[in-house]
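Here is what TrEMBL records for this protein:
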DOMAIN    A:27-387  domain 'tRNA-guanine(15) transglycosylase-like'
BINDING   A:D106, A:S107, A:G108, A:G109, A:F110, A:D160, A:Q204, A:G231  substrate binding site
ACT_SITE  A:D106  active site, proton acceptor
REGION    A:262-268  region 'RNA binding'
ACT_SITE  A:D281  active site, nucleophile
REGION    A:286-290  region 'RNA binding'
BINDING   A:C319, A:C321, A:C324, A:H356  Zn(2+) binding site
Amino acid sequence: MSTTTAPSHKSMPSALTFDRHAKCSTTKARASTLHLPHGSVPLPIFMPVATQASLKGLTYDQLRETGCMLCLNNTYHLGLKPGQAVLDAVGGAHKLQGWDRNLLTDSGGFQMVSLLQLATVTEEGVRFLSPHDGSPMLLTPEHSISLQNSIGSDIIMQLDDVIATTSPDHARIKEAMDRSVRWLDRCIAEHKYPERQNLFCIIQGGLDLELRKQCCEEMVARDTPGIAIGGLSGGEAKEEFCKVVHTCTEMLPEHKPRYVMGVGYPEDIVVAVALGADMFDCVWPTRTARFGDAIVSSGTLKLSHKSFADDFGPVEEGCTCTCCRPTDQGGLGLTRAYMHHITAKETVGAHLLTIHNVHYMLTMMGKIRQAIIDDQYPAFLRKFFSDIYRGDKSNYPEWAVGALRGVGVDLLADS
Amino acid sequence: MTFSILASTAPILAPRVGKLAIPGRKTLATPHHIPLTSRGTVPHVAHDVMRDHTEINSLYAGLEDFIAKKEPSVYRTPVADHESPLKKFICVAEDMPLILGPRRFPPIPCPPANTNTSIALLTSVGFTQLSAHDYVKAIQKLRPDIAVGMVDLANKQPGSKRRGKMVDRTHAWTRDALEQLYGDAVAEKDKSKSAYFAPVLPLDNAQQSLYLDDLESEFRWDISGLALYESASLEFVPESLAGLPRLLFSEPETPHTILRDISLGADLLTTPLLGASSDGGIAMEFVFPAPAALQEGKSKPQPLGIDMWTADHATDISPLGEGCECYTCKNYHRAYIHHLLLAKEMTAWALLQVHNFHVMDTFFARVRDSIQHGSFEQDVQTFARVYAPSMPESSGEGPRLRGYQLPANGPNQPRRMPKIYGALDDAIQKFADAQSEIATPDTDASGLEEHGFAEKL
């Protein structure tokens, strides 16, 4: 990986090993295993988001039961509550929340910029006004890494200069890309525990493919244990999203995990996997659960709708999650009718649907992985879209058809 | 249903240990507390958590939680002949003893008045009337293990006229219900399998003597238990009915009150303070009998619970209760619960419920032991001496309450929640809901700096 213009970088210690088991013979999809300090994670994987060190009402045994091996915490939120001093005193986020599997933390940059209106990004870091007393403050890459060192997450993310991908200001996009590279160097320098925490870089560059390529080149040269593609899921057109992922994965080394940040609709995931991405996170499955929406293979079910009031089947027939599994198979045998009865009314409704939705996402990832290993991923894709659109190809989203055509799968062709 | 009394010193007004057995159901040792459900769930306790991490072995449900619609779905639950549609609907195992009453407990007072044939209640869509006739139908269809009879209760202290009505109506409803459930006109195979607990009104003995007489004579063989609405009623239980289990619907504010009610002969008790403590971020801490270590030379009374909101727990990785065997204490610690409360995460209430249920279940188990050993009276006195007279105050906010959990808005009542948004700010509200993950710092710049979050410029 020393094909870059950057001065040679000393190789970074890594706290992970990446075993690639199979590559789809048609698409760019990969099946692999990521060995992290708190256990092995099958890739491709979806990571549920336990923002504030808790997954929406679930105990960690309930989360374990869904098969989850790696979940997210948010540096921004943990930095506010409980704060670095507490994290240090308790001994990190694993200890705090009683989770003995892997954690990934984002850097907090995204939340900074999207949540705090008065944030401005300078070379030093993100300047913002304290929401409480209005005094000016500064969050630097060093702060972010130091916090993530205290959190002790297995994968930590660099602080990047996040701007909306839809920004029309090309100069600003380039500046953000260049700055993210410079900040990566500062993050690497600040990182205290590279032998037990894996720092991932974040590729920026908006929707400009040339900038993305430059960024890939620069960042790959820094040899971080894993690579994230950032700045997406910000409302850009799906076509553009696919182009960016496609372009980046072309440039990325085969032997490192690739994480597309903030992406989590099932359709986006199956396409991004075909484009060569391995890891995904999104709050959507857990958030939508709290609004009473169940994810199923035909899309989502709005269980608060009255049509489910008398529906005494499981949330999804054949689903093996704790909620859907019949009682004689050790499950709870919950019905759509009962979920309708408690959804958005009792917190338990949110807990149970969160279990189902996370389990659904992880099972889907498992099926994706198996299909890749069996070299059946194109067939998987065809069935996946056929299930969601009930076989009506005229409803298939154009962006997905186009993106998959680019990697050799024609969804519209007769199978 | 059979109720056997295993230890007792007097037929009434004395603590007693019993066993309530319903064929095919988990057996209940009494005295016992009855876990209260809301829309069929024990609040914050998911079904798998209840199954795996609590000792919950009975449930109370109010019919009003299920009949918001004209044609309630609960009645259409497909079941086998021997199964209870209500249990099936709320997805609990058939062997879980289930008690059904017309109203959830504690009930929200309803401004509309009860009538001669119906009571006012509150569903998730508003106030409505439930007729005595429909309630009996519900018992027949839903097949709870125990049905609590319909009772005419007054919202405020009743005058003499109102008291007369209460007795007359309750008397008539009980007579009709027993007739329709078990009467001679009902074919043997259609007779209800549910055990009927007849209400005893929260009135003086003399005021309801005609009714109590009938309970003792005409109704005696159709009723399986008594439902009482204040502990004073325990005094009025006729001796000839002493063999029936007594279910006391009350709101004891402390374990001291629970002990008093048990000493007056209550067998099954509602303890809303359990859920209220969890909602308030209070971890219950009392042990019965008070441990010897606490009894010696302590001048300060021992607190009945810990307020998990206070900052002293921030870095405390000890369990909620020292040596506590509950799931929460074995897997999590005070610092985490404290963090979850501050972060308004639902998991806080789930974990506190698991702990508080364990404390309450252990408390009742020890009470039964103590009664059987004959040391109950003395243990109660020691308990009163060692522990503080009231539960600690919560210093934080509880979970968001829904309409059916709140008293009705009246002209003179304060707003439930502070007014935040204007009438047209619906969009903002929706946005806020969608962004519910977002935390805002609740500390100032120096606080943030101290947290290592960022630095002041």
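Easy rule for this one: first residue shown is 1, then count along the chain.
Quick reminder: no glycine exception, Cβ is built from N, Cα and C everywhere.
Annotated features, which come from TrEMBL, shown on the structure.
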residue : record                   : Cβ neighbours (10 Å)
A:S107  : substrate binding site   : 29
A:G109  : substrate binding site   : 27
A:F110  : substrate binding site   : 23
A:D160  : substrate binding site   : 30
A:Q204  : substrate binding site   : 28
A:G231  : substrate binding site   : 30
A:D281  : active site, nucleophile : 23
A:C321  : Zn(2+) binding site      : 24
A:C324  : Zn(2+) binding site      : 27
A:H356  : Zn(2+) binding site      : 26
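Other than the site residues A:D106, A:S107, A:G108, A:G109, A:F110, A:D160, A:Q204, A:G231, same-chain residues with C-beta atoms no more than 8 angstroms from the centre of those residues' C-beta atoms, the substrate site, are A:M157, A:Q158, A:L159, A:D161, A:V162, A:I202, A:G230, A:M261. Mapped onto DSSP helix, strand and coil, the region 'RNA binding' (A:262-268) counts 3 helix, 0 strand, 4 coil.
Confidence over the region 'RNA binding' (A:262-268), given as mean pLDDT on the 0 to 100 scale, stands at 93. Look at the Cβ of each of the binding-site residues A:D106, A:G108 and count the other Cβ atoms within 10 Å; the largest number goes with A:D106. For A:C319 (Zn(2+) binding site), the Cβ neighbour count at a 10 Å cut-off comes to 19, with all displayed protein chains included. Closest in space to A:C319 (Zn(2+) binding site), of the binding-site residues given as A:D106, A:G108, A:D160, is A:D106, taking the CA atom of each residue.
Here the Cα atom of A:C324 (Zn(2+) binding site) is found 36 Å from that of A:G231 (substrate binding site). A:C321 (Zn(2+) binding site) and A:D281 (active site, nucleophile) have their C-alpha atoms 20 Å apart, to the nearest angstrom.
In the three-state DSSP scheme, A:H356 (Zn(2+) binding site) is classed as helix.
Comparing A:S107 (substrate binding site) with A:H356 (Zn(2+) binding site), their Cα atoms are 28 Å apart once rounded. Those same-chain residues not listed among A:C319, A:C321, A:C324, A:H356 yet with C-beta within 8 angstroms of the centroid of the Zn(2+) site C-beta atoms are A:P314, A:V315, A:E316, A:T320, A:T322, A:C323, A:R325, A:G331, A:I355, A:H359, A:Y360.
Between the CA atoms of A:H356 (Zn(2+) binding site) and A:D281 (active site, nucleophile) there is a gap of 16 Å.
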